[in-house]
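As written in Swiss-Prot, here are the features:
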BINDING   Val9, Phe10, His14, Leu15, Gly16, His17, Asp93, Tyr120  ATP binding site
Amino acid sequence: MVRVMATGVFDIIHLGHIHYLRESKKLGDELVVVVARDSTARKNGKVPIFDENSRLKLVSELKPVDRAILGHEDDMMKTVVEVMPDIITLGYDQKFDEADLKRKLDQIGVNSRIVRISKYDGNLNSSSMVRKKIMELIGERF
């Protein structure tokens, strides 16, 4: 059984998220999605609209997802060791250096393949684009 791990904040679920998860699921038999903690999202400059438990519930209900969990706040590698994925997928816009991630995986003895998932071709394919569009619509009305 090939286990795939996908990660993200998953705030304001949109078609870009669905594309990322569908493409991730195609790579294996089981898709485990790690939802970022609120504190982790804030450290990376994102203030989630939905709290971590709401985002976890939303993600767990999505069709491609076999299991959704919250990530560790202090060390991403702890989550990797818990999941032990054969493949780790990254979204097109996730700010992971793949070589650095591979080094960290080697240090903890995890031999996961890293796959970067392509960008979704549709409109509003990122949370920042969705937020921007909402602000434009609000601005037009007031």
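Any Cβ shown, glycine's included, is placed from N, Cα and C.
Of all the binding-site residues listed here (His14, His17), the one with the fewest other CB atoms within 10 A of its own CB is His14. Residues Val9, Phe10, His14, Leu15, Gly16, His17, Asp93, Tyr120 are the ones the record ties to ATP, and the longest Cα gap between any two of them is 17 Å. Of the binding-site residues Phe10, Tyr120, Phe10 has the largest number of other Cβ atoms within 10 Å of its own Cβ. Around Leu15 (ATP binding site), taking its Cβ as the centre, 14 other Cβ atoms fall within 10 Å, counting all chains. Under the DSSP three-state reduction, Gly16 (ATP binding site) is assigned to helix. Neighbour count (other Cβ atoms within 10 Å of the Cβ, all protein chains): 24 for Gly16 (ATP binding site).
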